[in-house]
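Here the structure comes first, spelled out in structure tokens, and everything after it is commentary.
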Amino acid sequence: MEPRNQTSASQFILLGLSEKPEQETLLFSLFFCMYLVMVVGNLLIILAISIDSHLHTPMYFFLANLSLVDFCLATNTIPKMLVSLQTGSKAISYPCCLIQMYFFHFFGIVDSVIIAMMAYDRFVAICHPLHYAKIMSLRLCRLLVGALWAFSCFISLTHILLMARLVFCGSHEVPHYFCDLTPILRLSCTDTSVNRIFILIVAGMVIATPFVCILASYARILVAIMKVPSAGGRKKAFSTCSSHLSVVALFYGTTIGVYLCPSSVLTTVKEKASAVMYTAVTPMLNPFIYSLRNRDLKGALRKLVNRKITSSS
């Protein structure tokens, strides 16, 4: 092998979702609309919860954090893809690739664990209602989320430091629309076993473990709901949990497939389709899922919109 090829990459070429030029206009229009809906929906949720003092509770504190993280996760990947689709410029410098990779995993880890925290919050509210205020205090929730952000920062930085030591030779074309660990690792001509082992360890900690905790929480919730004597009480409890279960299915259904399935099973098409789900579709749908069946949140959103209309008139 020639010495000149044994160097770190100066840039990568992100091939995007499709290599067919005739599809780029359609993809741009679709993802631009999805991104716009995501931005408006999540910012409205954050503003409504911040302004309405009745929503200053642990459940809505977690929801506001989830909306913020969803906004950041999508913003880290979608705008770059839109620029590539519009201009045809698919190149991304190596430092920018590492930065995008860092923030993708930073926000992805926070997203995953916050969803588990929300499940535990529902478990305490339904199974231990008399002790809810003591167990789930806002101060404790703030400490948990702060610790989570610090933990996510450390894990994401470790990923980047392990990636920065690799050497890339041959093709620098990435069959993806953003810089993720697995597609970039495939381009390295050095040993990536440490990186892959760390990915599995982290996936176990921040995907598999929260998912098991969610299943355990909802198993206990289901048992508690079945003991409720009135049909109205059971319906209210199911309604409280159904929106969160929809988010769990959307998020973990795709991330488990990408980070915990054997690489031999995961094709490039499946990998990109799964990435679209958790970087674009889920962040766009979450505001609708959480607000459609939540009267308190819908009321806060109406107040916010009416306030804006009144102030502008």
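Each Cβ is built from the backbone N, Cα and C atoms, and glycine gets one as well.
Feature annotations, courtesy of Swiss-Prot:
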TOPO_DOM  1-25  topological domain 'Extracellular'
CARBOHYD  Asn5  N-linked glycosylation site
TRANSMEM  26-49  transmembrane segment
TOPO_DOM  50-57  topological domain 'Cytoplasmic'
TRANSMEM  58-79  transmembrane segment
TOPO_DOM  80-100  topological domain 'Extracellular'
DISULFID  Cys97-Cys189  disulfide bond
TRANSMEM  101-120  transmembrane segment
TOPO_DOM  121-139  topological domain 'Cytoplasmic'
TRANSMEM  140-158  transmembrane segment
TOPO_DOM  159-196  topological domain 'Extracellular'
TRANSMEM  197-219  transmembrane segment
TOPO_DOM  220-236  topological domain 'Cytoplasmic'
TRANSMEM  237-259  transmembrane segment
TOPO_DOM  260-272  topological domain 'Extracellular'
TRANSMEM  273-292  transmembrane segment
TOPO_DOM  293-313  topological domain 'Cytoplasmic'
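As a summary of secondary structure, the topological domain 'Extracellular' (80-100) carries 15 helix, 3 strand, 3 coil according to DSSP.
Beyond its flanks by at least six residues, the transmembrane segment (197-219) meets 109, 112-113, 115-116, 119-120, 122-123, 155, 158-159, 162, 181-182, 241, 245, 248, 252, 255-256, 259-260 of its own chain at Cβ-Cβ distances under 8 Å. With a threshold of 8 Å between CB atoms, the same-chain residues lying at least 6 positions outside the topological domain 'Cytoplasmic' (121-139) that come near it are 56-59, 61-62, 217-218, 220-221, 224-225, 237, 240-241, 244. Taking Cβ pairs closer than 8 Å, the transmembrane segment (237-259) reaches residues 108, 111-112, 115, 118-119, 122, 125-126, 182, 199, 203, 207-208, 211, 214, 218, 221, 224-225, 228, 266, 270-271, 274-275, 277-278, 281-282, 285-286, 289-290, 292-294 in its own chain, all 6 or more past its ends. If you average pLDDT over the topological domain 'Extracellular' (80-100) in this model, you get 93. In the three-state DSSP assignment, the secondary structure recorded for Cys189 (disulfide bond) is coil.
Away from its own ends, the topological domain 'Extracellular' (80-100) comes close to residues 8-17, 24-25, 27-28, 31-32, 35, 160, 163-164, 177-179, 184 of its chain (Cβ-Cβ under 8 Å, at least six residues beyond either end). Beyond the ends of the topological domain 'Cytoplasmic' (50-57), by six or more residues, the same chain brings 64, 138, 296-297, 300, 303-304 to within a C-beta distance below 8 angstroms of the stretch. Counted with DSSP, the topological domain 'Extracellular' (159-196) comes out as 15 helix, 4 strand, 19 coil.
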